[in-house]
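Chemist: One structure, pasted below without further comment.
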Amino acid sequence: MEIFADILPLREQIKTWKREGKRIAFIPTMGNLHEGHLTLVRTAREHADIIVASIFVNPMQFNNVDDLTNYPRTIDEDIEKLTSENVDMLFTPTPEVMYPDGLDKQTVVDVPVISTILEGASRPGHFKGVSTVVAKLFNIVQPDVACFGEKDFQQLALIRQMVIDMAMDIDVVGVATVREMDGLAMSSRNNLLTLNERQRSPVLARTMRWISSQMRRGRNDYESLIEDASDQLRAADLQPDEIFIRDARTLQEPTEETTQAVILMAAFLGQVRLIDNLVVELTTAANEEEEEEEEEEK
């Protein structure tokens with residue numbers, strides 16, 4: 001695996017692969033890699049000849065300086081994992097490489113509406129930082145396809161919209177959330193949990209599945225449903241931060257025409273903010289099929 005910290009030599013290698021007719025897949029990460037990231041790599045292999053990954057803890061998307069400082073950095077272990085997955089290239093720029101004139105003078109990419117609703121409302125500027133760094137990385141790597149996890153549902157929607165709006169010739173592939181055996185969505189932040197917190201963390205996914213089961217049974221008093229779910233989290237000493245039920249396509253409030261909804265959840269467990277989501281099919285046929293599957297599992 002070739003490792004580059006600067007843009008120009010990386011671009012030269014990319015040009016060589018392009019001249020050879022190679023199709024390039026890109027996986028941008030912030031490091032501290034886990035099985036979810038490696039699943040992105042394996043998915044990318046199905047779509048391209050060359051796999052390029054990046055590790056960059058992007059200061060522009062952090063609202064809290066302490067959060068940025070405490071973000072886990074495990075570059076040596078990350079390199080070992082990517083090498084074992086036969087990744088062809090790793091890009092590890094510094095903030096000075098990505099933002100040579102500083103954050104204040106950096107041109108930004110802002111995706112309207114999506115960047116300011118839901119999680120964007122409580123984390124102002126976060127998604128602007130995400131779209132800016134991803135757009136810049138796309139310009140540097142020039143991939144044919146890019147893979148992102150569906151765990152960050154709003155981020156995936158944001159990037160897809162940016163690619164459409166900016167006429168970028170890139171296929172954006174969403175990859176299903178990878179979970180621990182107890183249901184917790186894999187995340188780099190999970191490493192910050194204490195043993196006791198880790199034992200309580202599956203409550204987030206269980207509560208989300210409970211909401212889903214209620215919705216599939218026809219319950220649509222969403223405000224009351226969210227409050228009940230919040231009570232379940234508090235009972236396990238999780239502090240609800242955000243719980244939204246939205247149309248999975250528009251991220252707006254569900255309507256009578258909504259056939260696919262998404263539950264978006266965030267909660268604090270100690271000092272760690274956990275996020276998760278679950279898509280819910282609301283069509284009658286889908287509900288009946290899922291109910292039958294649940295009965296078979298019993």
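Each Cβ is built from the backbone N, Cα and C atoms, and glycine gets one as well.
Positions annotated as active site, proton donor by Swiss-Prot, on the basis of sequence analysis: H37. According to Swiss-Prot, the feature ATP binding site maps to 30-37, 149-152, V178, 186-189. According to Swiss-Prot, the beta-alanine binding site annotation covers Q61, on the basis of sequence analysis. For Q61, Q155, the entry in Swiss-Prot reads (R)-pantoate binding site.
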Chemist: Given the binding-site residues M30, L33, which one has the fewest other C-beta atoms within 10 angstroms of its C-beta?
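Modeler: Checked M30, L33; of these binding-site residues, fewest Cβ neighbours within 10 Å: M30.
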Chemist: Using a 10 Å radius around each Cβ and all protein chains in view, which of these binding-site residues has the most neighbours: Q61, Q155, S188?
Modeler: Q155
Chemist: Roughly how many angstrom lie between the C-alpha atoms of the residue listed as 'active site, proton donor' and V178 (ATP binding site)?
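Modeler: Taking the Cα atoms only, the residue listed as 'active site, proton donor' lies 9 Å from V178 (ATP binding site).
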Chemist: If one measures from the C-alpha of L33 (ATP binding site) to the C-alpha of Q61 (beta-alanine binding site), what distance in angstrom results, rounded to a whole number?
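Modeler: Rounded to the nearest whole number, the Cα-Cα distance is 19 Å.
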Chemist: Whole-number Å only: compute the distance from the Cα of the residue listed as 'beta-alanine binding site' to the Cα of V178 (ATP binding site).
Modeler: 23
Chemist: Between V178 (ATP binding site) and Q155 ((R)-pantoate binding site), how far is it from one CA atom to the other, in Å?
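Modeler: V178 (ATP binding site) to Q155 ((R)-pantoate binding site), Cα-Cα distance: 16 Å.
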Chemist: Which residues does E150 (ATP binding site) neighbour through Cβ under 8 Å, counting only same-chain ones at least six apart?
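Modeler: Those within reach of E150 (ATP binding site), by Cβ under 8 Å and sequence separation of 6 or more, are L156, G174, V175, A176, T177, N277.
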Chemist: Given G36 (ATP binding site) and Q155 ((R)-pantoate binding site), what distance in Å do their CA atoms have, once rounded to a whole number?
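Modeler: Checking the Cα atoms of G36 (ATP binding site) and Q155 ((R)-pantoate binding site) gives a distance of 16 Å.
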Chemist: State the Cα to Cα distance, in Å, between Q155 ((R)-pantoate binding site) and S188 (ATP binding site), rounded to an integer.
Modeler: 16
Chemist: Of all the recorded positions given, G36, H37, V178, which residue's CB has the most CB neighbours within 10 A?
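Modeler: The residue with the most neighbouring Cβ atoms within 10 Å is H37.
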